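Novice: Quick one: the structure is below, and I'll ask about it shortly.
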Ligand code: NIG
Ligand code: FE
């Protein structure tokens with residue numbers, strides 16, 4: 001049975017207590033068998049039966065659960081660096097989208113890409129992502145916007161799940177925006193989503209979740225409700241891009257349809273916070289998207305104080321968040337979202353696992369869970385977030401295997 005010993009500071013991130021309660025142990029050790037954690041505790045009290053296998057040394061550093069990036073748009077064709085310059089010069093994300101750029105320009109490039117090209121590109125991203133100590137990634141489709149191209153993207157995620165050591169949670173985002181061929185007939189695309197695409201995706205078993213971009217400029221509340229209820233009937237779990245650019249009742253709808261999470265939330269209303277807390281919907285903050293779109297940063301404090309579990313993710317995509325640096329997103333959640341480093345850590349581990357309904361398996365270091373952890377070159381979360389220096393993950397383990 002392998003053991004990781006000499007852990008100076010272990011944050012187990014058990015899903016108990018408040019957001020800042022990360023359940024730490026000093027001078028700790030972890031023992032696992034195969035892909036499953038068997039024992040966690042103070043090194044001095046490790047039972048003999050657990051010290052017979054390979055011994056790894058954490059050299060007194062901090063160990064955390066493998067980080068979970070619970071919101072990415074990982075597979076896409078092309079890039080949009082020109083839009084970055086336009087936004088820096090003062091054009092808004094919405095103006096660029098309305099002029100035919102934005103999501104639709106990535107739709108064009110993604111439709112033109114082969115399944116293999118998308119796989120190779122996304123697989124390269126995953127290798128880099130793993131170096132940060134991330135061990136699970138949620139991946140959305142949404143740049144195909146036809147059954148054929150959405151299934152193509154979802155098959156890429158299936159192959160990543162099979163070939164990469166990381167855990168992958170796939171999400172269907174056919175309701176990302178109205179595709180160009182339905183520009184004059186949005187009702188017909190919504191019908192297509194409900195009558196054909198959602199049932200076919202559910203049947204293919206290539207996605208666990210159905211996400212939607214709920215926004216007056218994409219799908220309004222009534223349309224979103226219809227689509228998400230159809231997804232639920234088909235067996236897909238709802239998720240929402242909610243209240244990002246305008247306050248339009250996205251958080252309230254997330255609670256109504258019992259979504260796993262409502263993400264973005266820069267413009268969430270007081271009522272939305274109350275409804276999410278009551279329904280147990282995880283709030284996913286995406287500070288890199290707020291930063292790149294020059295939106296007001298999210299005040300996460302209000303959500304946490306209102307009783308919502310707040311997860312932190314990158315939103316990695318070629319438009320609003322073209323970076324997959326999850327520790328940077330955590331640092332911004334502290335500096336701009338006003339969560340403490342411990343709260344941000346719980347948000348990027350067990351609450352992120354909750355946002356993808358995998359918290360029974362991943363997100364915390366406890367017996368019975370997947371042996372996923374990262375050794376970080378910092379003495380504790382405060383120092384890590386304060387003296388931020390990008391990738392300082394020394395090694396990580398996924399399903400009991402050392403990967404980086
Ligand atoms: O999460 N808000 C909508 N969707 C993405 C952006 C996608 C894009 O710009 O390509 C987001 O920010
Ligand atoms: Fe997103």
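Using N, Cα and C of the backbone, Cβ positions are placed for all residues, glycine too.
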Novice: Name the residue, out of 244, 401, that TrEMBL lists for the same 4-imidazolone-5-propanoate site as 80, 143, 176, 320, please.
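Specialist: So the 4-imidazolone-5-propanoate site in TrEMBL includes 80, 143, 176, 320 plus, from the candidates 244, 401, 244.
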Novice: Out of 23, 241, 387, which is the one TrEMBL records at the Zn(2+) site of 71, 73, 315?
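Specialist: For Zn(2+), TrEMBL names 71, 73, 315; of 23, 241, 387, the listed one is 241.
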Novice: Given the N-formimidoyl-L-glutamate binding site residues 143, 317, 319 in the record, what is the largest Cα to Cα distance, rounded to whole Å?
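Specialist: Maximum Cα-Cα distance: 12 Å.
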Novice: Take the Cβ of residue 320 (4-imidazolone-5-propanoate binding site) and count every other Cβ within 10 Å, whichever protein chain it belongs to.
Specialist: 26
Novice: To the nearest whole angstrom, state the Cα distance for the pair residue 241 (Fe(3+) binding site) and residue 317 (N-formimidoyl-L-glutamate binding site).
Specialist: 14
Novice: List nothing but the one residue from 71, 80, 241 whose Cβ has the fewest other Cβ atoms within 10 Å; the candidates are the binding-site residues.
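Specialist: It is 80 that, of the binding-site residues 71, 80, 241, has the fewest other Cβ atoms within 10 Å.
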Novice: In the same chain, which residues outside the set 71, 73, 241, 315 have their CB within 8 A of the centroid of the CB atoms that define the Zn(2+) site?
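Specialist: Leaving out the recorded residues gives 72, 140, 211, 263, 264, 286, 289, 313, 316, 317, 320, 321.
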